[in-house]
Amino acid sequence: MPELPEVETVRRGLESVVTDAKIVSVQLNRRDLRFPFPEAFSERLIGRKILELGRRAKYLLFHLSQDETILSHLGMSGSWRIENDLLRTAFSMTSKLVKHDHFIMDIQTRNGDVYHLIYNDVRRFGFMLLVDTDKLYKHPLLNKLGLEPMSHGFSGRYLQKAFVNKKVSLKGVLLDQSIVAGLGNIYVCEALWRSRLSPQRGAFTLASKTVYARELANSLAQNIRNVISEAILSGGSSLRDYMHVDGSLGYFQHAFSVYGREGKECLQCGTPIIRILQSGRSSFYCSQCQK
């Protein structure tokens, strides 16, 4: 599933084209994705402008004229891409993939160019909702989200407060979107390895008032920030279906230290990387370095 860096990369790729563009036509190739498309979705979009493209956690936010916002989630395999009559991505030439183009929105930019904004989703686990902009952050999908790793208030102190009395694992708490919004399995594994913390360690152990616990929490917060920042600069991680809006791939997966490296040597100490299951998800870590 695309995590914060992948969604932010998509946002940046779309932003320069879609901002202030007018929606001139909408084509729905099916009635639903994970959820049904909003009622009269096409009719409600045509003629509006996309004022701004935002993001909250793993959600893309197309802020429209007339005070509504398209809330888009990529699910497991969703992707957005941009094409026009002169530009065709390598992706668009593959008919096997194009058959999963479920939503096509033609937009006209400020200088009169027309682009096709296309949503493709093989597994159809993504979705789009139309929400009143003034009620957007009260929506159930957004109103309980925690701080994002790159936000001003995200710190070791914030994590320590969040970890108080948490008997569950560090991995489990960090994946809780009400605590850290946008963080997912890949980047939690990477940040924990950099912090020398086991994914199985109880989160509460970093919540004490000792200098040692405070240092661990500060290190973890900084490493989460670093991993997310580096992943964004690398265009995210392309493992299965994720790609950029031009059809190209992210390359942060080539910098993984632990994720997907089961049995390979730890880059720090040479001990084989272990894979375990936690709540049905794979965790990769070094039993020697991470305690």
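Cβ coordinates are placed from backbone N, Cα and C, and glycine is handled just like the others.
As given in Swiss-Prot:
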| type | residues | note |
| --- | --- | --- |
| ACT_SITE | Pro2 | active site, schiff-base intermediate with DNA |
| ACT_SITE | Glu3 | active site, proton donor |
| ACT_SITE | Lys58 | active site, proton donor |
| ACT_SITE | Arg281 | active site, proton donor |
| BINDING | His100, Arg123, Lys166 | DNA binding site |
| ZN_FING | 257-291 | zinc finger |
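Positions of Swiss-Prot features highlighted on the structure.
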{"residue": "Pro2", "record": "active site, schiff-base intermediate with DNA", "DSSP class": "coil"}
{"residue": "Lys58", "record": "active site, proton donor", "DSSP class": "coil"}
{"residue": "His100", "record": "DNA binding site", "DSSP class": "coil"}
{"residue": "Arg123", "record": "DNA binding site", "DSSP class": "coil"}
{"residue": "Lys166", "record": "DNA binding site", "DSSP class": "coil"}
{"residue": "Arg281", "record": "active site, proton donor", "DSSP class": "strand"}
Chain residues outside the zinc finger (257-291) and at least six past its termini with a C-beta under 8 angstroms from it
169, 171-172, 175, 185-186, 189-190, 192-194, 196-201, 239
If you count the other CB atoms within 10 A of the CB of Arg281 (active site, proton donor), including all protein chains displayed, you should get 15
Spatial neighbours of the residue listed as 'active site, schiff-base intermediate with DNA', counting only the recorded positions Lys58, His100, Arg123 and Cα distances within 10 Å:
Lys58
Quick one: of the recorded positions Glu3, His100, Arg123, Lys166, Arg281, which has its CA closest to the CA of Lys58 (active site, proton donor)?
Glu3
DSSP says what for the zinc finger (257-291): how many helix, strand, coil residues?
0 helix, 12 strand, 23 coil
Given a separation of at least six residues and a C-beta threshold under 8 Å, show me what packs close to Lys166 (DNA binding site) in the same chain.
Val173, Gly202, Ala203, Phe204, Ala207
Could you measure between Arg123 (DNA binding site) and Arg281 (active site, proton donor) for me? Cα positions, answer in whole angstrom.
19
So of Lys58, His100, Arg123, which of the recorded positions has the fewest other Cβ atoms within 10 Å around its own Cβ?
Arg123
His100 (DNA binding site) sits from Glu3 (active site, proton donor) (Cα to Cα, rounded, in Å) at a distance of 21
Number of other Cβ atoms within 10 Å of the Cβ of the residue listed as 'active site, schiff-base intermediate with DNA' across all protein chains
26
For Glu3 (active site, proton donor), just count the other CB atoms lying within 10 A of its CB, please.
22
How many angstrom lie between the most widely spaced Cα atoms of the DNA binders His100, Arg123, Lys166?
42
Alpha-carbon spacing, His100 (DNA binding site) to Arg281 (active site, proton donor), which is rounded to whole Å:
27
